[in-house]
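Listed features, source Swiss-Prot:
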type     : residues                                  : note
ACT_SITE : Glu158                                    : active site, proton donor/acceptor
BINDING  : Ser68, Gly69, Ala70, Asp71, Phe72, Leu126 : substrate binding site
Amino acid sequence: MSQEIRQNEKISYRIEGPFFIIHLMNPDNLNALEGEDYIYLGELLELADRNRDVYFTIIQSSGRFFSSGADFKGIAKAQGDDTNKYPSETSKWVSNFVARNVYVTDAFIKHSKVLICCLNGPAIGLSAALVALCDIVYSINDKVYLLYPFANLGLITEGGTTVSLPLKFGTNTTYECLMFNKPFKYDIMCENGFISKNFNMPSSNAEAFNAKVLEELREKVKGLYLPSCLGMKKLLKSNHIDAFNKANSVEVNESLKYWVDGEPLKRFRQLGSKQRKHRL
């Protein structure tokens, strides 16, 4: 299968030895992602999966946010789609929401390489959900947090968070944060072993943070039999893979009802016009 892939102006990738490095590079827009950007992330994971020389997939970002989640422009674009293009609202949102979310979440769930996230700042929404699907997370400092503003946006859990958040943070903490739109702050992440290492670097120094993580990883893999790493990931993942696959299907089908009813669109419009407090 071809190892070539289309380009994306917001996301780059490169391969260095056993590392497949994905870089979010739209800091001026807080690395917000449109639907096609999330699909591109999934395509990159598939590309890394097919490369036999790759053992670790590293996701880095830039600026002060890892990713602020879905770009309002993408939501507006879907809202403005010609109604004649779709026979029903259900058909419209199956195309604009369900297919995309199932695809990118599945790409993260089934990824065979060790997934490493370099958390240079906050992550929001679906982007934060994908962070929670990573195997190892390093933080730039103690200012990082994850926020899942589903209740504030008229939505429900997505991106496997029905399973990943209780698994990694505990059931009651997950309820508290999701029900009341509270962030999973650094202390919560540390208490639950979610952050493997805090690099204690300034938030303005994302590029130096990314370079430092990569430098340490190069040292850590020296002398390892890397196929063993993939074998262990496969076994560890087998504990929860069925639950994640089920959650991915149930989440999008339940969420579809909310999109069809129109509440998320109304709330995104309010955010765009500043009528509702911004989720960031």
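Note that Cβ sites are derived from N, Cα and C of the backbone, with glycine treated the same way.
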Site diameter for substrate, Å, by largest Cα distance between Ser68, Gly69, Ala70, Asp71, Phe72, Leu126: 13
Least surrounded among the binding-site residues, given as Ser68, Gly69, Ala70, when other CB atoms within 10 Å are counted: Ala70
Number of Cβ atoms other than its own within 10 Å, given for Glu158 (active site, proton donor/acceptor): 22
Euclidean distance between Cα atoms of Glu158 (active site, proton donor/acceptor) and Phe72 (substrate binding site), Å: 17
Secondary-structure category, per DSSP, in which Ala70 (substrate binding site) falls: strand
Residue among binding-site residues Asp71, Phe72, Leu126 with least C-beta crowding, 10 angstrom cut-off: Phe72
Inter-residue C-alpha distance, Asp71 (substrate binding site) and Glu158 (active site, proton donor/acceptor) (nearest angstrom): 16
Leu126 (substrate binding site) to Glu158 (active site, proton donor/acceptor) - Cα separation in whole Å: 7
Cα-to-Cα gap, Gly69 (substrate binding site) vs Glu158 (active site, proton donor/acceptor), nearest whole Å: 12
